[in-house]
Amino acid sequence: MPKRTDIQSILILGAGPIVIGQACEFDYSGAQACKALREEGYRVILVNSNPATIMTDPEMSDATYIEAVDWRTVEKIIDKERPDALLPTMGGQTALNCALDLDREGILEKYGVEMIGASKDAIDKAEDRDRFRQAMRRIGLDFPTSEMAHSMEEAMQVQQKIGFPTIIRPSFTLGGSGGGIAYNKEEFIEICERGLDLSPTNELLIEESALGWKEYEMEVVRDKKDNCIIVCSIENLDPMGIHTGDSITVAPAQTLTDKEYQIMRDASLAVLREIGVETGGSNVQFAINPDNGRMIIIEMNPRVSRSSALASKATGFPIAKVAAKLAVGYTLDELQNEITGGATPASFEPSIDYVVTKIPRFTFEKFPQAQAYLTTQMKSVGEVMAIGRNFQESFQKALRGLETGIDGLSEKLDLAHEDTKDKLRSELKQPGPERILYLGDAFRFGMSLDEVHEYTAIDPWFLEQIEEIIQLEGLVKDKGIDALDRDTLWRLKRRGFADSRLAHLAGVKESAVRELRHKHNLRPVFKRVDTCAAEFATSTAYMYSTYEEECEAEPTDRRKIMVLGGGPNRIGQGIEFDYCCVHAAFAMREDGYETIMVNCNPETVSTDYDTSDRLYFEPLTLEDVLEIIEKEKPEGVIVQYGGQTPLKLARDLEAAGAPIIGTSPDSIDLAEDRERFQDMINRLGLKQPPNRTARTEEEALRLAAEIGYPLVVRPSYVLGGRAMEIVYQEEDLARYMNDAVKVSNDSPVLLDRFLDDAVEVDVDAICDGKDVLIGGIMEHIEQAGVHSGDSACSLPPYTLSLEAQDRMREQVAAMARELKVVGLMNTQFAIKGEEIYIIEVNPRASRTVPYVSKVTGRPLAKIAARCMAGRSLADQDALVETVPTYFSVKEAVFPFIKFPGVDPILGPEMKSTGEVMGVGRTFGAAFGRAQLGAGVVLPRSGKIFISVRDADKPDVVALAKGFVDKGFTLVATRGTAREITAAGINCEIVNKVIEGRPHIVDMIKNDQISYVVNTTEGKQAIADSFTIRRTALHHKVHVSTTMAHAEAIVMALDAIDNAEVNRLQDLHRELGMTQ
């Protein structure tokens, strides 16, 4: 039936900030839903607290609210906007839980809002583990033996029936949060306590372990006429026991017999019917026991998920867009398949003639205290996908797309070492983030396939494929490069071997392999993703490379610009860079260029086939990018938008003749090269903190004495503050030098005087080579020493004088011109007293660009892209800075809860995964809204614990008074309490952990504390107070680890109750910035 006419406006719930388990795949699905529903003429209202998303761009919906996705906030928006319907299936677990809350609190009924896309009953049935089991029993599906528990006692009783190992899964949580596998009683109690706490309904499913079974997923779409299609089957290379988000996955499934596939297909359709998913996409997970073929159902998600983003990219079938249209009444046969230009309806199941491999990307190096093991709780922060004509090709392309310094199955171990066998055995048995590389080493070492299978439970078919790659590597090693004739080389390229990998194996330079390949006229061809295995023609240019005969790329002779994306998400390089790439593609298309996107991240909007005119789903390596440039011959290549990924290639691309536009690679290098940059700063008469460059430990200790402690130390050329530390004394520096020089492969270590208590400021600007536009000046709330990506910041500044702001504007303009910047530039300043110091300059897109664009209504990434393509700022009418009439605050969101044992303290190394934004008429109101968006529950009453370092003692009295005036009582450690009581304020004394019991940690565990202020410095003091912060985290007590943050909380408490919700479009209108 055609679309519904009884509803006019639809409220879409977004997923909020990026956290582990819920990343930018929901920006992709949400943006698609907005587009699909507006196409149909509906008024779309969007709520999402994450400013770094495309979906929160003001042109994506009719009313955009960058506000917290929680029921109280959403009620205010419903009251203001009066939508007819609510679509909760596009924003992951966050949106589903919010929709259930709105229903439970009676808000949907009160305002007459209908839930579409999924009924409350269907969500409940799928998410409530007990109801789900009963439903599966009704349709005759087998599931693991399991029981529910609502308390520790119940949990222990269930466990005794089931035995060990036991799997614990909390209800209604995200990415397996709070769950795990217990092998003994102690682990069982720990996981259950955490799970009961994290589950909003305080219930756990305790089930028998299916460890080592094969895991599969089916992506299913159903409409209200009961038409169902399977978009894609996905097989996990890693067996059960590792969260599917942390597993290497392959589509289509490789090791199912046709009969097994049909059984699983029928079962998935039965599941959707029984749960009652009437419209839209769902994902159903199964496990099969390889010993006897027993099939069990694990779970289903009644919404679009991480897997549906992968399935959409793997097949070209836009699940989220189709799901949105089904939610308003269409049926599958009424919708056209866009990729075949309408030659087939959406009710045709996609068929694919290639193999897709997804590999997760981990960032354990950011959390050295965390155990680098994989379990049922998701820990990866990003993923890479690759397409090839066979498994080996797509697998090796995915490995080199990860950007972890490998270009295939790179070696991990010295095989001659005596412990190799034991090390291999333990790495294969206990899965970690690099188990796949140890698999390669195991075959190199001579382990048999059966032995490897016994340790890993990975299906023998995959092991054979990997073993064959290792055998081929041996051939190259033995024979050398000269023995490779055209046929052998062609065979290696068809198996996905990178030039750089072959060069490494043969002991030659990568360029030598490229020359040999070109001499034999061996170049990749490009095939199209067309949803129908080449049965119908496709108008969509969505391509991947392979080594075959026929090329389907058919490049045009239009003027074209190529944008290089950011590759897989990781901490320090996330969705913000994808946002910039998408804007570059939009701007160039609006200006009449053909746009070409190169990227390999399946979660993002940039890899949507209609974001750019032509999409190459390829790893971002020199070899892969050069071949695409050779094929397309673009007029310009944009490298400054994808974070470090394309910048690392810039020099080599330029040397190979690629037409890089915007700031030159030489200027980018000048800003990164310490000594060249210092010369420029001196030439311009500007200031930097005293600093030196050291190449050895002795030199570092000598130079440190010259500039004085504390120091910030770091290797040169890093993103996200990797391996950066603040050292307070000589022994700390000596320890760091021993560890860090390993990090930086003979490149030097940088020492800067650390400006304690300075205010840090970020300025984003655009230069066209002559004129400079200031995008925004952001004052950090946490003082210098906290990584800028982890600090909250305010735009406009909330304490800086106008005079200081003007001086910074002048300095930014002077440096932009001196560096000959064409495009974006980000500058970080530190202000101490009257002095302004320059910390660093990055002539590229920074992670604050989307945020500044949202606040000011100025699409910075678009304006800068036009500058790169040759248009001036004057020509774009973009010379005058927009200073907002309201405050907005960006706050960072952290993954600490996923990593037991990690200290939730902030420092110079970046640890946040995502961000939120809050807007208000005062700084306090904006900061409060941002805290809400980040999921921080602000304290409203009760006891506040305060313990501060000596440097903060002078300010502690004013802080204490602020809390007491709001009706809080105080408790503090001796030194801090002495300061507070001396000022005539009541304050109870409590023991530090080392002073004996009862101490502060006991009070937190007994729920006597509602908020913690804990500032420390120096390694020992930080270690001593670790348990306070970690215990507070587990008891959901908010902790401020800097004074500035605590002072901002006091201001937020003043304003929190009467804050209004603001429509982004209205805010921009106020600034005269409507487009």
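Any Cβ shown, glycine's included, is placed from N, Cα and C.
Note: TrEMBL annotation is automatic and uncurated.
Under the heading region 'Carboxyphosphate synthetic domain', TrEMBL lists 1-403.
Look at TrEMBL and you will find Arg129, Arg169, Gly175, Gly176, Glu208, Glu215, Gly241, Ile242, His243, Gln285, Glu299 tagged as ATP 1 binding site. When Cβ atoms from all protein chains are considered, those within 10 Å of Glu208 (ATP 1 binding site) total 17, not counting its own. DSSP assigns Glu208 (ATP 1 binding site) to a strand segment in the three-state reduction.
Sequence annotations record features per position, and here TrEMBL assigns domain 'ATP-grasp' to 133-328 (among others).
The Mg(2+) 1 binding site annotation in TrEMBL covers Gln285, Glu299. Its own atom aside, the Cβ of Glu299 (ATP 1 binding site) has 18 Cβ atoms within 10 angstroms in the protein chains shown.
Per TrEMBL, Mn(2+) 1 binding site is recorded for Gln285, Glu299.
The Mn(2+) 2 binding site annotation in TrEMBL covers Glu299, Asn301. Sequence-distant neighbours of Asn301 (Mn(2+) 2 binding site) (same chain, six or more apart, CB under 8 Å from its CB) are Ala126, Ser282, Asn283, Ser307, listed in sequence order.
Summarising the annotation, TrEMBL assigns Mg(2+) 2 binding site to Glu299, Asn301. Secondary structure at Glu299 (ATP 1 binding site), taken from DSSP and collapsed to helix, strand or coil, is strand.
The annotation region 'Oligomerization domain' is assigned in TrEMBL to 404-553. Helix, strand and coil content of the region 'Oligomerization domain' (404-553), in residues and according to DSSP, is 76 helix, 11 strand, 63 coil.
Here TrEMBL flags 678-869 (among others) as domain 'ATP-grasp'.
Secondary structure at Arg714 (ATP 2 binding site), as computed by DSSP, is strand. What TrEMBL records for Arg714, Arg753, Leu755, Glu760, Gly785, Val786, His787, Ser788, Gln828, Glu840 is ATP 2 binding site.
Sequence annotations record features per position, and here TrEMBL assigns Mg(2+) 3 binding site to Gln828, Glu840. Annotation for Glu840 (Mg(2+) 3 binding site): same-chain Cβ neighbours under 8 Å, separated by at least 6 residues, are Ala671, Thr827, Gln828.
Under the three-state DSSP scheme, Glu840 (Mg(2+) 3 binding site) falls in the strand class. Look at TrEMBL and you will find Gln828, Glu840 tagged as Mn(2+) 3 binding site.
Positions annotated as Mg(2+) 4 binding site by TrEMBL: Glu840, Asn842. All chains included, 17 other C-beta atoms sit within 10 angstroms of the C-beta of Asn842 (Mg(2+) 4 binding site).
Per TrEMBL, the feature Mn(2+) 4 binding site maps to Glu840, Asn842.
Per TrEMBL, the feature domain 'MGS-like' maps to 936-1074.
Under the heading region 'Allosteric domain', TrEMBL lists 936-1075.
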What does the DSSP secondary structure composition of the domain 'MGS-like' (936-1074) look like, as residue counts for helix, strand and coil? 72 helix, 22 strand, 45 coil
Other CB atoms, at most 10 A from the CB of His243 (ATP 1 binding site): 22
List, in sequence order, those binding-site residues among Gln285, Leu755, Gly785, His787 whose Cα sits within 10 Å of the Cα of Glu299 (ATP 1 binding site). Gln285
Roughly how many angstrom lie between the C-alpha atoms of Arg129 (ATP 1 binding site) and Gln285 (Mg(2+) 1 binding site)? 14
Can you tell me how far the Cα of Leu755 (ATP 2 binding site) sits from the Cα of Asn842 (Mg(2+) 4 binding site), in Å? 20
Cα-nearest neighbour of Gly785 (ATP 2 binding site) within the listed binding-site residues, Glu208, Gly241, His243, Gln285, Asn842: Asn842
On the Cα atoms of Arg714, Arg753, Leu755, Glu760, Gly785, Val786, His787, Ser788, Gln828, Glu840, which are listed as binding ATP 2, what is the maximum pairwise distance in Å? 18
C-alpha spacing of His787 (ATP 2 binding site) relative to Glu208 (ATP 1 binding site), in angstrom: 43
From the binding-site residues Gln285, His787, Asn842, pick the residue whose C-alpha lies nearest to the C-alpha of His243 (ATP 1 binding site). Gln285
